[in-house]
């Protein structure tokens with residue numbers, strides 16, 4: 001096959017789910033307009049940041065593109081007169097910051113291609129639809145029986161995954177959908193193992209897995225063909241959406257949503273758990289469960305996009321579970337994502353935030369029990385239950401599944417080992433990212449506490465107490481210094497130095513108390529003892545700790561008495577010897 005025989009050079013693979021943050025740092029006025037300088041950062045590392053310059057017209061263009069969502073976004077209004085005034089520019093800068101904050105707080109908008117291109121044009125400047133068309137065209141050179149009907153523009157949330165409506169030339173009424181996807185940051189399989197596993201997907205038979213008609217891969221991407229389903233996905237059912245509509249239009253701000261009936265929740269939930277258990281038992285990593293990846297076929301749920309984990313694509317909910325260090329395996333990731341899916345099936349919308357502190361009333365307490373085990377603060381802190389444990393819970397244990405299709409997915413032993421190693425690498429990257437986020441969160445809390453008003457007041461009180469204590473110690477040292485000056489005798493004594501480097505008292509008083517030798521005819525040699533006006537060298541004393549050594553030294557000086565000194569013995573050899 002000629003599909004991508006010469007792939008492009010391996011490039012740095014970005015994780016598109018890592019959140020971008022943006023801060024409008026400053027503005028600069030030119031002759032006819034104002035530019036706003038924005039600091040953009042990817043993830044938690046301040047080193048991974050850059051500056052962009054945007055005009056108000058750029059914000060306006062972005063806002064017009066996001067009108068497809070139907071959201072009312074707080075973009076500051078235009079102003080024709082007085083738009084160069086300093087006060088107006090400062091006020092608009094605050095408004096633009098609030099506008100960006102609202103967009104980035106929305107999980108769907110924060111991952112959309114429009115925002116990525118606006119904030120990170122260097123990494124998202126390519127036309128991914130055109131790239132996908134080129135790759136698909138190369139594939140059709142050797143597979144002429146397929147024909148592209150139309151591109152299904154932006155029906156998915158992924159930036160680097162595109163969809164096309166297909167047909168077979170000799171079966172023009174049958175509709176199929178082709179998905180093409182580039183590699184992701186978690187692709188750890190070798191090129192050979194990767195291509196073999198992709199080609200195995202059509203052989204996977206399971207009553208709750210959506211069948212793959214055709215699959216092939218190159219060293220840099222994969223292409224799969226499935227039957228097009230007019231009914232759409234489980235998310236389309238909940239949001240009352242049309243399958244062909246863009247993702248932002250369908251799910252970002254739906255006008256009508258409806259939670260499912262209890263029996264549907266029980267049946268669909270049991271079916272999804274059964275297929276997750278099947279994949280886990282096969283050692284096949286999934287990690288991509290969400291409502292848009294579950295196809296509805298009558299009253300049956302069928303899982304989509306098994307190829308995502310082989311391609312190394314990041315999960316839709318990755319920015320959620322990277323916050324919790326106990327969700328560190330693909331099995332626990334699937335269980336946590338199942339909690340998101342169950343919440344959406346129950347209430348007709350995703351949770352506002354995770355973990356969930358309290359759950360709204362549901363059709364059954366058994367539903368709330370499962371949600372608490374997967375989305376509550378305690379669950380996220382202590383870890384997820386297993387799929388087998390969820391199947392035993394009252395919500396799903398009494399559901400009877402009737403299917404005649406026997407599951408079948410044979411994976412050779414060599415490929416099973418490759419999958420195991422790749423799974424461990426994916427989990428290792430997840431664990432390292434969770435550790436970095438945890439450390440960053442602790443540092444941020446410490447800095448916030450250190451800079452809080454309460455902490456500043458506490459430090460001021462401690463500083464005042466320390467200052468008072470030092471003043472008291474200094475006042476106690478003054479009488480000691482005065483007494484030392486009176487007891488040291490003549491002015492030959494050295495004064496006391498600072499407490500950090502005390503100096504021993506002079507020995508001049510000792511030498512002046514000795515009787516002088518009789519004057520001999522020849523000049524006498526110098527005496528053995530120290531002469532007046534000199535100081536004996538003394539080893540440096542250790543630095544005082546909490547004033548202990550300094551107090552002992554001052555006490556010794558204050559209690560010094562001359563009478564306790566021993567008299568020195570001298571040998572006078574100056575008299576003439578008579579032989």
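Positions of Cβ are set from backbone N, Cα and C atoms, glycine also.
What TrEMBL lists as compositional bias 'Basic residues' is 437-448, 457-469. If you look up TrEMBL, you'll see 483-513 marked as compositional bias 'Low complexity'. According to TrEMBL, the compositional bias 'Pro residues' annotation covers 514-530. TrEMBL lists 569-579 with the feature compositional bias 'Basic and acidic residues'. Marked as domain 'PX' by TrEMBL: 14-126. The feature domain 'Protein kinase' is assigned by TrEMBL to 88-481. Annotation comment: TrEMBL describes 549-568 as domain 'WH2'.
Secondary structure counts, DSSP: the domain 'PX' (14-126) has 45 helix, 26 strand, 42 coil. Counting residues of the compositional bias 'Basic residues' (437-448) by DSSP class, helix then strand then coil, yields 12 helix, 0 strand, 0 coil.
Here the compositional bias 'Basic residues' (437-448) has Cβ contacts under 8 Å with residues 44, 322-323, 325 of the same chain, all six or more residues outside its ends. Look at the compositional bias 'Basic residues' (457-469): DSSP puts its residues at 13 helix, 0 strand, 0 coil.
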